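Noted in TrEMBL for the protein shown:
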DOMAIN    B:3-203  domain 'Aspartate/glutamate/uridylate kinase'
BINDING   B:Lys6, B:Val7, B:Ser8, B:Gly9, B:Lys10, B:Gly44, B:Arg48, B:Thr139, B:Asn140, B:Tyr145, B:Asp148  ATP binding site
BINDING   B:Gly43, B:Asp65, B:Phe113, B:Gln114, B:Pro115, B:Gly116, B:Gln117, B:Ser118, B:Thr119  UMP binding site
Protein chains: 6
Amino acid sequence: MNIILKVSGKFFDEENVNNLLILKESVKELINHGFRVGIVTGGGNVARRYIKMAREVGVGEAYLDLLGIWASRLNAYLVMFTLQDMAYMHVPQSLEEFIEAWSHGKVVVTGGFQPGQSTAAVAALVAEASSSKILINATNVDGVYERDPRIYADAKLLPRLTTSDLRKILEISQSVQAGTYELLDPLAIKIVERSKIKVIVMNYRRLNKIINIINGEEISSVIEPV
Amino acid sequence: MNIILKVSGKFFDEENVNNLLILKESVKELINHGFRVGIVTGGGNVARRYIKMAREVGVGEAYLDLLGIWASRLNAYLVMFTLQDMAYMHVPQSLEEFIEAWSHGKVVVTGGFQPGQSTAAVAALVAEASSSKILINATNVDGVYERDPRIYADAKLLPRLTTSDLRKILEISQSVQAGTYELLDPLAIKIVERSKIKVIVMNYRRLNKIINIINGEEISSVIEPV
Amino acid sequence: MNIILKVSGKFFDEENVNNLLILKESVKELINHGFRVGIVTGGGNVARRYIKMAREVGVGEAYLDLLGIWASRLNAYLVMFTLQDMAYMHVPQSLEEFIEAWSHGKVVVTGGFQPGQSTAAVAALVAEASSSKILINATNVDGVYERDPRIYADAKLLPRLTTSDLRKILEISQSVQAGTYELLDPLAIKIVERSKIKVIVMNYRRLNKIINIINGEEISSVIEPV
Amino acid sequence: MNIILKVSGKFFDEENVNNLLILKESVKELINHGFRVGIVTGGGNVARRYIKMAREVGVGEAYLDLLGIWASRLNAYLVMFTLQDMAYMHVPQSLEEFIEAWSHGKVVVTGGFQPGQSTAAVAALVAEASSSKILINATNVDGVYERDPRIYADAKLLPRLTTSDLRKILEISQSVQAGTYELLDPLAIKIVERSKIKVIVMNYRRLNKIINIINGEEISSVIEPV
Amino acid sequence: MNIILKVSGKFFDEENVNNLLILKESVKELINHGFRVGIVTGGGNVARRYIKMAREVGVGEAYLDLLGIWASRLNAYLVMFTLQDMAYMHVPQSLEEFIEAWSHGKVVVTGGFQPGQSTAAVAALVAEASSSKILINATNVDGVYERDPRIYADAKLLPRLTTSDLRKILEISQSVQAGTYELLDPLAIKIVERSKIKVIVMNYRRLNKIINIINGEEISSVIEPV
Amino acid sequence: MNIILKVSGKFFDEENVNNLLILKESVKELINHGFRVGIVTGGGNVARRYIKMAREVGVGEAYLDLLGIWASRLNAYLVMFTLQDMAYMHVPQSLEEFIEAWSHGKVVVTGGFQPGQSTAAVAALVAEASSSKILINATNVDGVYERDPRIYADAKLLPRLTTSDLRKILEISQSVQAGTYELLDPLAIKIVERSKIKVIVMNYRRLNKIINIINGEEISSVIEPV
Ligand SMILES: Nc1ncnc2c1ncn2[C@@H]1O[C@H](COP(=O)(O)OP(=O)(O)OP(=O)(O)O)[C@@H](O)[C@H]1O
Ligand SMILES: Nc1ncnc2c1ncn2[C@@H]1O[C@H](COP(=O)(O)OP(=O)(O)OP(=O)(O)O)[C@@H](O)[C@H]1O
Ligand SMILES: Nc1ncnc2c1ncn2[C@@H]1O[C@H](COP(=O)(O)OP(=O)(O)OP(=O)(O)O)[C@@H](O)[C@H]1O
Ligand SMILES: Nc1ncnc2c1ncn2[C@@H]1O[C@H](COP(=O)(O)OP(=O)(O)OP(=O)(O)O)[C@@H](O)[C@H]1O
Ligand SMILES: Nc1ncnc2c1ncn2[C@@H]1O[C@H](COP(=O)(O)OP(=O)(O)OP(=O)(O)O)[C@@H](O)[C@H]1O
Ligand SMILES: [Co+2]
Ligand SMILES: [Co+2]
Ligand SMILES: [Co+2]
Ligand SMILES: [Co+2]
Ligand SMILES: [Co+2]
Ligand SMILES: [Co+2]
Ligand SMILES: [Mg+2]
Ligand SMILES: [Mg+2]
């Protein structure tokens, strides 16, 4: 049984050592429960700051995305070094490299792959290529809400929804910042749909309860591909 | 002045030596007119046949796409070897490899990059990374039509349109085969929009008139990014 | 116990799904009987068609061979993706890359390596480097005949012969098309001789009886190195 | 005439767009004056923060250094993308990769290479391999002082000194934090001595006067190898 | 339990087949006693001869060191091919490549990494990155002596010493040939100190007693990091 | 006009600095006369000694050849470093790597490629891939003789011969040491024949007269492909 864990860039922005220790424990837990684990890390603040600097000196879009990708890879190195012997010691830079790394039977950690797509799309591609049936998206909110919870404090959490529900919600909740996708971008949704991958959105502060979350016994949102 | 030329997989299906010779001449023409040229090749029938075989033995979606990518790379090798000294002798396998290859000042030829995206998306990414302001899509029809011209013989060619026009047309004309994008997929459109790249759709039988087409003096469709 | 299986390009020309399924089963069989398996794929029709096109536009010999090599690699990807978890997920492009891939303890699939040599030579090199004592050549005839069986319908199958017998037979049967070696080229023969590798030529339609063939209980030709 | 410019990690900590623009101009200036330029970037605060996090979760010394190296590479990407067409588009990860990249005749930008050595040592190695006779160390102070100027506000700047003077100064001025070398570490000094490379320490705020500094007409310290 | 074995270049100068056979046996012994083994090979006479030739035609210091590194890699290939299936079949060319190779669970053999450092420094870096607590330095003398035993036949062997003792001894015993470090160079000492790695210096003629030497039951010098 | 120069391993066995200086001058001469130059180096004594040691400890044929290849690469590094800025700074390890390196417009230096073939075959492959019409084989005798000149002091030099003459001579002159080809092996002859490459065999002591030799004004043997 294979599983992919996407860790939001916000996880690293907190510079919280406890976060890292819980992540390490949750990977051990998953392995003990018979899972093979792949991890995808977001870029977070370091990504945003480097992109901002570069944009101001006139660097083009493809290269701005690449700076974000390199920042996400820095986070991947941090996670990989934290996992040490559990991990295969190479951060793949494309899906083809991931597939080769995945052959080794250890945890593989990756950041971004390519301009024009989010690290959530990377996570979906990696889930598909590893025949994972579950993709866990660990972020700074408890799951998918009807509306962006950072803006609408009273937004309601959706424990279960479909990818087509999600499409509608993201259209509304993110309409203000056109083009900046959060949670899942269109490529990510297309991939999880075509390969029937269940997505669980959860709070990374609950990573210590990851088995419960997979079993549906803890707060989270489960997105069924349709 | 940099320019990207996307050659449809259908070009190679014809196994027409003349096609290759005209392509070579058109590249020389472009270079003589001061362009640096990048080329992206589609997969065509070889791609479709290998995907079909693999699907029937139960190979997963990511790997089906990779077979199509390797077929498109075979076409890239054919073009690269035909161009010989004009080309940098490496077919890049990701945008990062393309960027390094592009540093060499010669023609770079590439096939597909990643599952989940078309070679038209590759062409858009490559155009963006090379600061090309024009992306030429050479295919087996004369340009963009109101409706798919293979199905509706009377469909009207659109000499000028915007990317947002194109989005609507593709939704209608391709609705039957949901998920299979032709001409440009959503990622390709997103990229040409964000980096203001003009797309020209033309018939590859007119590659000998490529300069006229760039100058707007020959049958084709010009798609303005908006 | 290590074993190399060379699959003729003709196997892929048939675009026969059953072929692929039987190949997969035969690899499982071999593994169950304690073999570690390496596979080398020929180029077939796709190779010939691309070489023909390229030759007509004036591409040089080294590059024609490379097109054939890339076609054989496309076949290698098809086989590797069909085997999925049984295979190490990288198609080596040289003997040195093969040796590294072989370290991983899984099936390794490779196409051609270098201009100037056949994929049978690749198979011999790969057999030698993996200390395999048997090289199986699965093709579209039942074994080695006194004369080319496609031309002389009454040619007699040779159940046992030596490499020096083979040299003579190939000299006669292939004299018309000088330089085009079938079955084994001189490099392949040199390698199997110097490393004492037994070659079994068999029909790929009998891959489901591969263990019997290894045990000498089925139609095939066994070539002893001398 | 080849020259290497080492940019302190502190340059990037300021997140100052003007810094980047002046750096870009100074590279153009150097090229216009007939120099071929190599650039080495330090790691700065991002390096220190990732190392701190990783140390607290028990990551070993080699891997802490690697995190610092990856942070310095992120800075290298920022500089390389800012220089765009002036640069060869690959950040080398070892001296051997640098040497290959340097063959291309463009600016090469690199971060760290290996645990156990500073980016100043990288700069010295890169200067030696490129036959540069000058290595410029652009940092946040005006040059080498008798004592650490951040601690002793009245420390005197040394306009000229030898590497053996520097050894003594660094022993004293940095004795408190044994093992953490600033400006130049022992490997850097050994390399510039054995290959007779002159080191100029200058303030990166004066990069717009880089030609004057090379000509000895501006505030800086010149360190002669002995 | 991981362990690194550094084999002096002098070992290969003897062109003694017995040396190689005993080395192979000692690796088996270590594995049987539960160790995972890494090996670093020196350059020896081949290195010195190539460096001498190159120096006389005016090749620079960085490239002289690289010739020595390539000679040491030739020795690494000899050892790796001798170990055959026990080894991972790739000679890493940098610490990052070593780390990836080490993930494979087999013996990894490496020569030099970078100009400006000895293969003893490589051994220390590799010991640190593999969390080895013991680094064995197998050379042509019985251990560390008060003075260079090749010059002073009556020099006394030191069964136990600290890295700070060693620093003083090397300063004296090697003062004549300033800059040419034997046994351990400053980087090697720095690394073993910071990561608390015990170094055992022994004669490679005693490799057949390697377990006794690790247990302190045979002639050798044990250097404690302080 | 492209040209390939194969330098016998014996050239390096002499450890003669003058040899290297004359080689460097001859490359400059060729460049000044409008040639682009590729160089292939033999393995010589170092190859033979490492192969001998390895054979005695039971290393297999493929790996013995690889040791010879690595020795020839060591010679390639020596030549490449001697040529410095004239050369592209990478020693290719396969024909595909050579082709990419050759795109850079500089001298490319290579050693062996693959077990089972001589460095003369490498030189022929490299000549073909670079569209060279001349391949110069610089060795320790003055050209091709009727019989091996080391054995028969009175053997007569053949100023002109064809590849089919050469085949016969090599069969006779080398019959005693079956399987060990000198000058050209069968693959080398096949390649120069199919691509119509003229081979000139000359003494490397005359490299200072290389232009005269190309013009047929100096002692050498010219082998016409037929
Ligand atoms: N309907 C919604 N439900 C839940 N979260 C939402 C919704 N709409 C927007 N969001 C926002 O999505 C964010 C989580 O997205 P994600 O973890 O992908 O972060 P990110 O900023 O894209 O990080 P990175 O790409 O670096 O990993 C939340 O912080 C939340 O504010
Ligand atoms: N509105 C339209 N206008 C023009 N062509 C259309 C339209 N709708 C569908 N098509 C089809 O798009 C095809 C061209 O697409 P394209 O060249 O990208 O082919 P493809 O099959 O995607 O090949 P590849 O991906 O291998 O390059 C035409 O053959 C045409 O039939
Ligand atoms: N004698 C001295 N003269 C000048 N600077 C000194 C001296 N002693 C210590 N320093 C310190 O050295 C610092 C510059 O070192 P450097 O630019 O190498 O920074 P760094 O921290 O090593 O950055 P990085 O490694 O990320 O590039 C100055 O900020 C200064 O305070
Ligand atoms: N105090 C000392 N105690 C022991 N050996 C010493 C001492 N001082 C100098 N040496 C010399 O160090 C040598 C061993 O060093 P080492 O094994 O590193 O050899 P090397 O020539 O550096 O080989 P390589 O770098 O190729 O591995 C011995 O031959 C010895 O003569
Ligand atoms: N008929 C012949 N004419 C000339 N040389 C011959 C002939 N037969 C054998 N030889 C031998 O070929 C040798 C030259 O071959 P070559 O330069 O290829 O050497 P090599 O040993 O193969 O070296 P390497 O493979 O390391 O480059 C000469 O030393 C010569 O003795
Ligand atoms: Co590539
Ligand atoms: Co591996
Ligand atoms: Co690199
Ligand atoms: Co490597
Ligand atoms: Co290479
Ligand atoms: Co290049
Ligand atoms: Mg996101
Ligand atoms: Mg040493």
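Placement of Cβ uses the backbone N, Cα and C atoms for every residue, glycine included.
Where the annotation comes from TrEMBL, it is an automatic prediction and has not been curated.
Here the structure is a predicted model, which means the values were calculated and not measured.
All features noted in TrEMBL, drawn onto the structure.
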residue	record	DSSP (3 states)
B:Lys6	ATP binding site	strand
B:Gly43	UMP binding site	coil
B:Arg48	ATP binding site	helix
B:Phe113	UMP binding site	coil
B:Thr119	UMP binding site	helix
B:Asn140	ATP binding site	coil
B:Asp148	ATP binding site	coil
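In this view, B:Lys10 (ATP binding site) is surrounded by 17 other Cβ atoms within 10 Å of its Cβ, with every protein chain counted.
The maximum pairwise C-alpha distance among B:Lys6, B:Val7, B:Ser8, B:Gly9, B:Lys10, B:Gly44, B:Arg48, B:Thr139, B:Asn140, B:Tyr145, B:Asp148, the residues recorded as binding ATP, is 24 Å.
Look at the Cβ of each of the binding-site residues B:Ser8, B:Gln117, B:Thr119, B:Asn140 and count the other Cβ atoms within 10 Å; the largest number goes with B:Thr119. Summarised as a single figure, the pLDDT of the domain 'Aspartate/glutamate/uridylate kinase' (B:3-203) averages 95. The least crowded of the binding-site residues B:Gly43, B:Pro115, judged by other CB atoms within 10 A of its own CB, is B:Pro115. Cα of B:Arg48 (ATP binding site) to Cα of B:Phe113 (UMP binding site): a span of 17 Å.
Restricting the binding-site residues B:Lys6, B:Ser8, B:Lys10, B:Asn140, B:Asp148 to those with a CA within 10 Å of the CA of B:Thr119 (UMP binding site) leaves B:Lys6, B:Ser8, listed by sequence position.
In this structure, B:Arg48 is the one among the binding-site residues B:Lys6, B:Arg48 with the smallest number of other Cβ atoms inside 10 Å of its Cβ. Ranked by Cα separation from B:Pro115 (UMP binding site), the binding-site residues B:Lys10, B:Asn140, B:Asp148 are led by B:Lys10. B:Gly43, B:Asn140 are the binding-site residues among B:Gly43, B:Pro115, B:Asn140 whose C-beta comes within less than 6 Å of an atom of ligand 2, given in sequence order. Among the binding-site residues B:Gly43, B:Phe113, B:Gln117, the ones whose Cα sits within 10 Å of the Cα of B:Lys10 (ATP binding site) are B:Gly43. Counted within 10 Å of its Cβ, the other Cβ atoms near B:Phe113 (UMP binding site) come to 28, all protein chains included.
A Cα-Cα distance of 15 Å separates B:Gln117 (UMP binding site) from B:Ser8 (ATP binding site).
Cα separation, B:Phe113 (UMP binding site) to B:Ser8 (ATP binding site), rounded: 15 Å. Here B:Gly43 (UMP binding site) is positioned 14 angstrom away from B:Asn140 (ATP binding site), judged by their C-alpha atoms.
B:Gly43 (UMP binding site) and B:Asp148 (ATP binding site) are 20 Å apart (CA-CA, integer value). Report note: the UMP site is defined by B:Gly43, B:Asp65, B:Phe113, B:Gln114, B:Pro115, B:Gly116, B:Gln117, B:Ser118, B:Thr119, and the residues of the same chain whose CB lies within 8 Å of the CB centroid of those residues, excluding them, are B:Gly68, B:Ile69, B:Gly112, B:Ala121, B:Val122. Using a CB-CB cutoff of under 8 Å against chain A, none of the binding-site residues from B:Lys6, B:Lys10, B:Asn140 qualifies. Calculated from their C-alpha atoms, the gap between B:Ser8 (ATP binding site) and B:Gly43 (UMP binding site) amounts to 8 Å. Cα spacing between B:Gly43 (UMP binding site) and B:Lys6 (ATP binding site): 11 Å, rounded to the nearest whole number.
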